[in-house]
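What TrEMBL records for this protein:
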type     : residues                                                                                   : note
ACT_SITE : CYS128                                                                                     : active site, nucleophile
BINDING  : SER20, LYS44, GLY45, ASN98, ASN125, LYS163, ILE189, GLY215, GLY241, GLY242, GLY263, THR264 : FMN binding site
BINDING  : LYS44, ASN68, ALA69, ILE70, GLY71, LEU72, ASN125, ASN190, THR191                           : substrate binding site
DOMAIN   : 4-284                                                                                      : domain 'Dihydroorotate dehydrogenase catalytic'
Amino acid sequence: MDMRVNIAGVEWKNPVTVASGTFGSGEEFSEFVDLNRLGAVTTKGVANVPWSGNPTPRVAEVYGGMMNAIGLQNPGIELFCQRDIPYLKQFDTKIIVNVCGHAPEEYLAVVERLQDEPIDMMEINISCPNVNAGFLAFGQDAGHVEELTAQIKKIAKQPVIMKLTPNVTDITEIAKAAEAGGADAISLINTLTGMKIDINRRTFALANKTGGVSGPAVHPIAVRMVYQAAQAVRIPIIGMGGIATAEDAIEMILAGASAVSVGTANFHDPAVTLKVIDGIGKYMEKYGFETVKDMVGAVR
Ligand SMILES: Cc1cc2nc3c(=O)[nH]c(=O)nc-3n(C[C@H](O)[C@H](O)[C@H](O)COP(=O)(O)O)c2cc1C
């Protein structure tokens with residue numbers, strides 16, 4: 001049995017990474033997880049300059065998951081390159097840097113700064129509000145997605161994963177736009193926009209009013225979108241959204257994902273990724289799958 005997967009020319013030792021923003025840059029989880037065991041570590045989002053994020057409260061619990069409006073707080077690319085990349089380089093795992101921005105120039109500045117850094121892939125978070133398009137997220141407009149992808153591809157030295165937002169009417173249109181712009185892979189889903197009201201204080205649970213819903217509650221939606229995207233494009237897909245067990249991850253792979261990311265589940269079980277990896281291995285043995293690739297999209 002061989003758990004290796006090849007994502008856009010990069011070989012991971014197994015198909016499991018962590019979802020951006022739920023694992024820091026690995027350091028706070030290293031007590032619970034041997035990072036050498038992960039297929040890849042996906043970092044929290046990083047922008048060209050430090051972002052302070054949204055006012056608090058910015059997380060809330062909801063049935064079957066959580067809601068967050070962190071607002072992509074991050075230290076900026078300079079400190080990130082000095083501190084987080086050297087930390088991750090100590091481990092035998094692939095490094096995926098998640099990139100955010102408010103305008104194409106901001107994304108491009110980060111991608112350019114990463115050109116000579118020893119990272120393996122980059123994941124572009126297009127759920128960020130686009131200041132030039134009335135704060136609609138980049139990822140909600142197929143034209144913007146294709147254009148931004150093409151601009152990034154012109155300067156990126158590492159393979160580019162475009163991370164799609166589920167807050168759209170037709171995910172296949174956006175997946176195809178990323179492919180047309182030259183994306184090496186896509187990942188999905190980011191969080192679904194939600195709202196929670198504190199009925200006793202008669203106010204919003206989050207200072208931002210709305211927040212992104214994640215966790216098991218969103219899993220069936222994520223499986224459906226991964227399946228639809230897999231029918232629409234030929235580039236590899238990294239599937240995520242509510243994965244909390246090996247069974248959830250296997251479902252995503254059978255729907256068409258070549259690899260998976262575990263997000264919110266890390267908060268209640270910091271070692272969950274290891275259980276997911278082991279469980280996928282056991283499933284492959286049980287059903288006689290020699291490679292992960294044989295499982296990808298096996299349900300049509
Ligand atoms: C607290 C928190 C922070 C997040 N930060 C980011 C981020 O910086 N960049 C990004 O692309 N996605 C971010 N996400 C979205 C996750 O990477 C993931 O796409 C989403 O939560 C669905 O997966 P899950 O249900 O397994 O958490 C964040 C999610 C959470 C819960």
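Backbone N, Cα and C atoms are what each Cβ position is placed from, and that goes for glycine too.
Unlike curated entries, TrEMBL annotations are predicted automatically.
Taking a Cβ cut-off of under 6 Å from any atom of ligand 1, the recorded positions SER20, ALA69, ASN125, CYS128 reduce to SER20, ASN125.
ILE189 (FMN binding site) sits 17 Å from GLY71 (substrate binding site), taking the C-alpha atoms as the reference points.
In terms of Cα distance, the recorded positions that sit within 10 Å of LYS44 (substrate binding site) are SER20, chosen from SER20, CYS128, GLY241, GLY263. Straight-line distance linking the Cα atoms of GLY71 (substrate binding site) and GLY45 (FMN binding site), rounded to a whole number, equals 10 Å. The Cβ neighbour count for GLY241 (FMN binding site), using a 10 Å radius and every protein chain shown, is 32. For the domain 'Dihydroorotate dehydrogenase catalytic' (4-284), the mean pLDDT of the prediction comes to 96. Packing around LYS44 (substrate binding site) is summarised by its Cβ count: 23 other Cβ atoms lie within 10 angstroms of its Cβ, all protein chains included.
Residue pair GLY263 (FMN binding site) / THR191 (substrate binding site) shows a Cα separation of 10 Å.
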